[in-house]
Amino acid sequence: MPLTAESAAQQIQDRLKDIQQNIHNVDEERRRAENSIASLVRSLHATNQKVKPLLKASLTEAAQEEATIRAALAKIHEIRSIRNERRIQARNAGNKEAIRRGALMKMVQLSAQTLPLFVGKLGERAPALCGAIPAEGNYVAKVGDNVAALAKGIDEEENWILAEVVQFLHRQNKYDVIDIDEEQKDRHVLSKRKVIPLPLMRANPETDGHALFPKDTVVMALYPQTTCFYKAIVHRLPQTATEDYEVLFEDSSYTNGYAEPLPVAQRYVIAYRPTKKGAGSGSGNLSSA
């Protein structure tokens with residue numbers, strides 16, 4: 001059943017109210033936890049019999065605070081899903097509004113900034129499609145997901161472009177994708193090996209450094225203010241959850257073959273996959289980009 005604008009707005013409003021209540025609950029739970037921790041610190045030199053109940057209470061309150069925060073994050077994810085569903089319906093109905101180039105670039109940047117941060121539980125490893133961790137072999141990107149797609153342009157050259165999944169054709173094992181660039185509006189039917197799902201979560205360098213590309217790794221990265229991926233080398237890793245990579249894009253106009261470092265968000269830095277020609281746009285040279 002189609003999701004109407006009114007229904008979507010109401011569902012989002014309901015979830016925003018839930019989030020507001022979650023935030024209020026987190027504040028209360030944090031105050032209780034701080035009081036319990038203060039009592040625990042004051043009792044550190046007391047007998048185990050007195051310390052154990054305080055320690056147990058502190059752990060329980062911390063777990064409750066974590067659960068409330070995760071509940072709020074789940075509501076935020078639901079809101080993102082509702083908005084995405086409405087956007088897909090509008091596109092399929094032919095009601096998609098034209099987006100100017102500047103607005104598109106801002107949307108691309110905002111999509112990276114608001115990508116959910118993976119916050120694992122104790123001992124939990126970052127999953128597939130978190131940071132640099134690739135999708136599993138049998139994974140199929142969902143309708144509306146952004147991907148890197150190796151598609152032919154007007155000049156018949158293949159380039160890695162930022163695209164959106166329209167559908168997955170199971171019988172053909174191919175993706176139907178649309179160029180994210182409004183000026184192109186091209187649709188492509190591509191084999192699965194020519195489509196790379198983008199990360200669905202950011203990795204926190206402070207807790208999940210293994211989910212980031214190491215320094216000097218050859219990658220593909222979205223060149224700033226464009227919708228194309230090019231070959232690059234990781235120059236500097238993010239140090240915090242909000243920082244970007246710094247990468248060196250190939251550029252034959254420089255004596256060492258690489259341009260100056262540029263920031264690229266985790267969402268748009270993916271494993272390098274060479275094309276048949278092994279050079280040029282989508283696999284590297286930016287001298288004419």
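A Cβ is built for glycine as well, from the same backbone N, Cα and C atoms used for every other residue.
Annotated in Swiss-Prot:
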COILED    9-36  coiled coil
DOMAIN    137-278  domain 'SGF29 C-terminal'
REGION    225-228  region 'Histone H3K4me3 N-terminus binding'
SITE      Tyr223  site 'Histone H3K4me3 binding'
SITE      Tyr230  site 'Histone H3K4me3 binding'
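In the region 'Histone H3K4me3 N-terminus binding' (225-228), the DSSP tally of helix, strand and coil residues is 0 helix, 1 strand, 3 coil. The recorded sites under consideration are Tyr223, Tyr230. Their Cβ neighbour counts within 10 Å are lowest for Tyr223. DSSP assigns Tyr223 (site 'Histone H3K4me3 binding') to coil in the three-state reduction, placing it in neither a helix nor a strand.
Across the structure, Tyr223 (site 'Histone H3K4me3 binding') and Tyr230 (site 'Histone H3K4me3 binding') are spaced 7 Å apart at their Cα atoms. In the three-state DSSP classification, Tyr230 (site 'Histone H3K4me3 binding') falls within a strand.
For the coiled coil (9-36), the residues of the chain that approach it from at least six positions outside its boundaries are 54, 57-58, 61-62, 64-65, 68-69, 71-72, 75-76, 78-79, 82-83, judged by C-beta separation under 8 angstroms. Counting residues per DSSP class in helix, strand and coil order gives 9 helix, 62 strand, 71 coil for the domain 'SGF29 C-terminal' (137-278).
In the predicted model, the region 'Histone H3K4me3 N-terminus binding' (225-228) has a mean pLDDT of 94.
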